[in-house]
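Encoded as structure tokens, the structure appears first; notes follow it.
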């Protein structure tokens, strides 16, 4: 049987399904790997490439490789669009941008002193605006990103809640396994989507270099040798095997292909525990430049 990502998906609480393996499109989207089998693409307006991503997907639909309903595309509502009156226009812009040229805007507003300008918006009000977009048929599934437990409870306990968040996209990998948040989300039927599942680049401008390079880990290398797999494949398999969706990013066609080859082996229970034991509870992505934001999520334990 031809192995494709839709054969390996998990259900969402709204009745839809999400492929366990997706491709992060932050950066160069020309390597979109539909031919390899990817059907899940993670994007955002602030990646400044949604037009190119949409074009690549449309070309594969046009040549008959996939149908539109085969593709799971995740976009994001950027922070500057959280005021309720901006939610639907921002969503419509993403839908339009996936078809047409990209319009510019200021996504990181600063004052004259160079300090970030924040929108002090009620997350529940933003969520209600998103619910209206879902009711209008503009969205199939509603999720959140970088929400901690307190922020999730804010939404889940909102009076008159119409649509529960079905996913929470957060950093998740063997060095940051998110056990408490993962368990809380499981209890509330929220799927964890793990970004940076292979760690990150070593760019000190935004990466916490206190955390050592994940792919050089000796335990992952040892397990990889057993299965004739790379450390990256072992790290991805670890998360997928515990029901965490992963969205690795790569510019290399070879690695994009290799990252997909994780459905032909399984880790033993002991190996899963070994990898869980690697947890250092240290984030690669701390986003410290926004740590003074009133809704900065990483001050809490989880």
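Using the three backbone atoms N, Cα and C, a Cβ is placed for every residue, glycine included.
For 47, the entry in TrEMBL reads active site, proton donor. Taken from TrEMBL, the feature substrate binding site applies to 119. Annotated domain 'NADP-dependent oxidoreductase' per TrEMBL: 33-279, in sequence order. What TrEMBL lists as site 'Lowers pKa of active site Tyr' is 76.
TrEMBL feature annotations superimposed on the structure.
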residue	record	Cβ neighbours (10 Å)
47	active site, proton donor	18
76	site 'Lowers pKa of active site Tyr'	18
119	substrate binding site	15
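Across the structure, residue 47 (active site, proton donor) and residue 76 (site 'Lowers pKa of active site Tyr') are spaced 10 Å apart at their Cα atoms.
Note: the CA-CA distance between residue 119 (substrate binding site) and residue 76 (site 'Lowers pKa of active site Tyr') rounds to 17 Å.
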